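The structure appears right after this line, and notes come after that.
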Amino acid sequence: GMVGGMSQVLAEQPFDTLKTRAQVKRGSPPSIFELLHSNPDPAPGKWSESKSCRSVLRSSNGRLHHLPINLHGVLSLLQGLSPRLISYGFVKFSLFSWYETFLQKTNNNATLSGALAGAGNTVVSCPQDVLKSRLQVQHRNQKVLGHIYREIQHLRSSIGIFRGLYLGWSTLLLRDTLGYAFLYTTFQYGKQRKIPAYAIGGAAGLAFYLPTLPIDRVKTVIMTQELKSPELLIRPLDCLKDLVQKEGIAGLYRGALPTMCKTFVGQTVAL
């Protein structure tokens with residue numbers, strides 16, 4: 001029900017924020033201390049100081065920077081929560097409706113039905129994914145609803161409202177088509193063999209992300225890019241090539257640990 005759905009979103013959000021910030025960070029992998037801040041890739045020397053517990057980081061030029069670890073940093077893991085909470089019911093209803101419809105038309109073929117449902121659902125899930133991802137890497141200096149409104153206005157003024165809310169849609173389409181095919185196949189397999197619900201949920205979540213994590217990294221980079229940057233990477237293949245050249249194949253799997261934690265915890269809570 002709705003309560004279970006809200007519980008799933010709340011359980012996933014901290015891990016999802018860590019995943020997004022890890023995937024956005026370019027170059028060397030970020031530390032957990034960096035990920036506890038809204039902007040995972042600030043300019044050198046821009047860390048604000050705090051009287052709370054601090055971690056000392058050494059930059060590439062050898063300088064030491066103090067990174068404050070406080071309540072603000074922990075609470076920042078909930079950034080981007082509001083778009084998911086607001087749209088959760090509609091997005092899930094759309095996904096399950098698509099799935100049930102295709103299941104009847106494909107003679108209970110879970111793999112094909114999952115793929116088609118995942119593809120169709122991106123029409124309603126992409127806008128909230130864009131807003132969620134962009135809010136997760138911004139500074140917390142505005143009210144929640146004001147933050148969403150300003151981000152929508154920024155997208156509209158920069159590249160147009162439609163293109164802005166569907167930034168990275170093609171990568172989301174590919175990820176969800178493949179991901180939900182694996183997820184529903186795993187889910188059906190588990191149900192047929194009467195595997196415990198928590199185990200099915202965790203396995204289904206892992207089945208979604210394990211084969212699609214490289215696509216998810218590209219999606220996140222595209223959705224969160226600086227729209228006024230001269231190095232704009234809109235085309236997925238260009239983004240993929242750039243990531244591999246600069247970070248190697250391993251770079252495509254950045255954020256794997258929080259992703260696995262998020263999907264296992266979320267799917268287990270949901271079921």
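One is the number of the first residue shown, and numbering goes on along the chain from there.
Just so it is clear, glycine is given a Cβ too, placed from its N, Cα and C backbone atoms.
Annotated features in TrEMBL:
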type	residues	note
REPEAT	105-189	repeat 'Solcar'
REPEAT	192-271	repeat 'Solcar'
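The DSSP breakdown of the repeat 'Solcar' (192-271) into helical (H, G, I), extended (E, B) and coil residues amounts to 57 helix, 0 strand, 23 coil. Taking DSSP states H, G and I as helix and E and B as strand, the repeat 'Solcar' (105-189) has 70 helix, 0 strand, 15 coil.
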